[in-house]
C-alpha cells in the first residue's frame, strides 16, 4: 500500500506579528490572553519532592520493602511514609518497557480528592522500591466533612465564577447542575460556548501558601483551551489555579522522516512506512475498519478551515488504492490547492512519531494515543485528531492532552512570515514538538493525570522536551557536537528560528545554565535552557556509543538502545515516567539518572552528570522558585 507524507506541527503560540521577531510567546492559553486575562498567573504551585534511587539505597527500611505485587509494595510505601493520610490508588499503574513499575496515588480527605495531592512510586525489576515522588499535603486536614454542613457554593456558581475571572466565552445564565456518578460530581446543562457540557467536581486544592482550600474543579472545553479551573467553594469567585490541557506550538512542514523541512530534502513516495511491532494494525486500520483515507488506529487527519472541533465529517483525501500521492511545491500561493498533500504529510509524521515513541516505551499501558489498545492495557479510544490548515489561528500550532481515554487534538496553522504563506504540517519539528506535549503530559504523574506539567518550571520543561526530541530526530550523519540547530526556522522564515537561542554545546554560542531561568516567566524561555541541557546529554552519549542514523533504534538483548541518540531519547522518556508530578529541573535530572540506573545499571552516569554539571545542574545545584543556584560539581567516584 502506498502513501505519501503526513506531518504535525509544534511550538507555542507566538503572539502578534510585531512581537514575533523579538520573542516567542510566553504562555499556553493565548486565546484567553486575547480576552485580556493572563492565564500564567493561575499556574499550579510547584510543590513536592523526588527521592531518587541512590537515596533509596541508603534508607534500608524502604530499600528492603517488598510485597507480593509491585502495586502492593507501592501501597505499603505510601502507608509508611504518610501514615496519617487518606489516599486512593489511581487505576493507571503499569510496568514500562524498562521493567520499572509505575504506581500513582491520589490523596483524599473525607472522601474528596486533594486534586494536586499526588504520590508516584516506581518499583524496580526486583520488586523493591526504586524511587518515588511525593506531592501529598502535609498540613492538618479539616476535622469535619464539608458534606455535612454543605455551606459551600453550588457548582453552577463556580462555573459562573470561572467564567467571570477568566472571561470565558461561555453563557451560563440558564445553567443547571445534574449529578453524575461519583461524590459531588455534576454535569452542567444549559450552557453555550463549550464543546461539551462543563463538569464540576468538589475537591480540595493545595494553594501556593501550603493551605488547603475546598474547591470546585470546573472543567470546560472551549475549543482553543480545555481548562480545569479550581474555584474556591466558599466564595465561588476566587480562582486558586488553572490547568490547560492545550499546549501551544509553532507550525512546521514535513517530508520523509529525518527531513525536517523543505530546505533539507525532496518529497518522496514511501511504501508501508509503519513499524508493525508498534502499529500491528498498520496505519490504515483500527482492527474493525480498513480505511482508504487518512484515518487509522493512531490518528485521523483532515482539513479544518472553520477552526471548529468537529472532525468526523471534515474533508480528508480518499484513495481506494491507499495511494496518497499529491502535488506540492513551496511556490504554491493558495493553501487550499495543496490541502491533500498537507493532510497526508501531517498524518505520516504523526504516525511515524507514534511508532518511534512506542519502541522507546510510550505504549498502550503507558497512556499512548490509540483507538484500539489490542488488549495491552491503558484505556484506548483516544487517537490524535489532526487538523491541517486549521482556521482558528495563524503563526502557531497547538496540542491538547486530556487524560488517557480522551482524544489528543493537534491544530496546525498557516504561517504568514513569508510570501507565499507556509503550512506548518510540512515542518516535522513542529509536529514532533507538538506531539511531545502529549508524551510528556501522559507520562508525568501517570496517564490518568494531565495536571502535572502546569507549574512554571514544569511547563518550561514541557516546551524543552518538545524542542529536544525534534532536534535529536533531525540530526544528520555528518553532524558533530559542534553542530548547532534552531527551531522553527522554515515556518518562521528566519534562520535563527523562533527561539532566542540556538541549541548548541558551545558555552559561547549558548551560555545558558540553570540559573539563567531565574526571573523568567516564559515557559518557552525556560524550555530553551532545559533543551540545551539535554542537547549536552545527547552528544555525551553519542560520543560514547555512536549514532544510529536510521529511523528506528536497535536494541541489545537487555532492551538497551545500542547507540547514543536513541539511548538518550529512551532515558529522557523513561525519566518522564519516573519523575514526580510538577517536577523541577533537579528532580527531572535525578529521574533521568535513575532511568539510566534502571536500564543500564548506571553505565552512563559519568556522561550524564558531566552534561548536567556543564549547564549548572551538577550535584550542588539548588532549586528555589526565585533563586536557583548553579552547581557545577560531578559526584565523587562517578567518573
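Cβ coordinates come from backbone N, Cα and C, glycine included.
According to Swiss-Prot, the signal peptide annotation covers 1-22, on the basis of sequence analysis.
Packing around residue 52 (N-linked glycosylation site) is summarised by its Cβ count: 22 other Cβ atoms lie within 10 angstroms of its Cβ, all protein chains included. Residue 52 (N-linked glycosylation site) carries neither a helix nor a strand DSSP state and counts as coil. Annotation comment: Swiss-Prot describes 52 (among others) as N-linked glycosylation site.
Residue 290 (N-linked glycosylation site) carries a strand DSSP state (E or B). Counting only same-chain residues at least 6 apart in sequence, those with a Cβ under 8 Å from the Cβ of residue 290 (N-linked glycosylation site) are 284. Under the heading N-linked glycosylation site, Swiss-Prot lists 290 (among others).
Its own atom aside, the Cβ of residue 437 (Zn(2+) binding site) has 28 Cβ atoms within 10 angstroms in the protein chains shown. If you look up Swiss-Prot, you'll see 433, 437 marked as Zn(2+) binding site.
Feature annotation from Swiss-Prot assigns active site to 434. Counting every protein chain shown, the Cβ of residue 434 (active site) has 36 other Cβ atoms within 10 Å.
The number of other Cβ atoms within 10 Å of the Cβ belonging to residue 433 (Zn(2+) binding site), over all protein chains shown, comes to 34. A gap of 28 Å separates the Cα atoms of residue 433 (Zn(2+) binding site) and residue 52 (N-linked glycosylation site).
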